[in-house]
Amino acid sequence: MDIDDEKARLRKTLRERRKAAQAAAGPEAAQRLADRLERLPLPTAAWIAGYVAHGSEIDPLPGLRRLAARGHDLCLPVVVAPGRPLVFRGWAEGLALEAGEFDIPVPAGGAELLPDVVLVPLVGFDRRGGRLGQGGGFYDRTLPLLRAAKPDLFTIGLAFSVQEVASVPRAANDADLDWIVTERETIGIHA
């Protein structure tokens, strides 16, 4: 089995786990995640890139609200086109969002900016910072470009604890994470 087939098989299993975890945990999981995000050693007054939860992804919104209340500015990723890196646009709660690529809500306008911290939605993860995403390669293309522009970039994967696996299959272009935060645990990879 090649790595793409292995990842596809693992994605199917982990999406089922994630869906069950979301149904069982309800909104309480997002609050526990927010508690953990608040305790991370984030840079002061950082631009934090969040995301709008899609499907059964763990919801970062309670955490984003708390981080904004502590003086951080927020932005969201925008898919410009398949095969291209993500761009990020400023966002605050209450500002208009519109349906973007894959029907994911994105800021209705605004200038592109470079975040200092990126919250990454996960399908799966391991304790070495390996991540399994949706399969489009958007974060794998984007994170190295952001790190080149901002060497102190802080990457944090968000997931339910049941999305952990012993080892994520990795290709040469897969981008690792600095931290992983679940509703149960904070895992410092390069801390």
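Each residue, glycine too, has its Cβ placed from N, Cα and C.
Model, not experiment: these values are computed from the prediction.
Copied over from TrEMBL:
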type    : residues                                                                                               : note
BINDING : LYS7, ALA8, ARG9, LEU10, ARG11, ARG131, LEU132, GLY133, GLN134, GLY135, GLY136, GLY137, PHE138, TYR139 : ATP binding site
BINDING : VAL52, GLU57                                                                                           : substrate binding site
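When the alpha carbons of LYS7 (ATP binding site) and VAL52 (substrate binding site) are compared, the span between them is 24 angstrom. Cα of PHE138 (ATP binding site) to Cα of GLU57 (substrate binding site): a span of 16 Å. Working note on the binding-site residues VAL52, LEU132: by count of other C-beta atoms within 10 Å of each C-beta, LEU132 ranks first. Look at the binding-site residues LYS7, ARG9, ARG11 and count other Cβ atoms within 10 Å of each Cβ; ARG9 has the fewest. Just so you know, the Cβ of GLN134 (ATP binding site) picks up 16 other Cβ atoms within 10 Å once every protein chain is counted. Of all residue pairs in the ATP-binding list (LYS7, ALA8, ARG9, LEU10, ARG11, ARG131, LEU132, GLY133, GLN134, GLY135, GLY136, GLY137, PHE138, TYR139), the one with the greatest Cα separation is 20 Å apart. Under the DSSP three-state reduction, GLY136 (ATP binding site) is assigned to coil, being neither helix nor strand. Listed in sequence order, PRO82 are the same-chain residues at least 6 apart in sequence whose CB falls under 8 Å from the CB of GLY136 (ATP binding site). Of all Cβ atoms in the shown protein chains, 20 besides its own fall within 10 Å of the Cβ of GLU57 (substrate binding site). Packing around PHE138 (ATP binding site) is summarised by its Cβ count: 21 other Cβ atoms lie within 10 angstroms of its Cβ, all protein chains included. Secondary structure from DSSP puts GLU57 (substrate binding site) in coil.
GLU57 (substrate binding site) and GLN134 (ATP binding site) are 11 Å apart (CA-CA, integer value).
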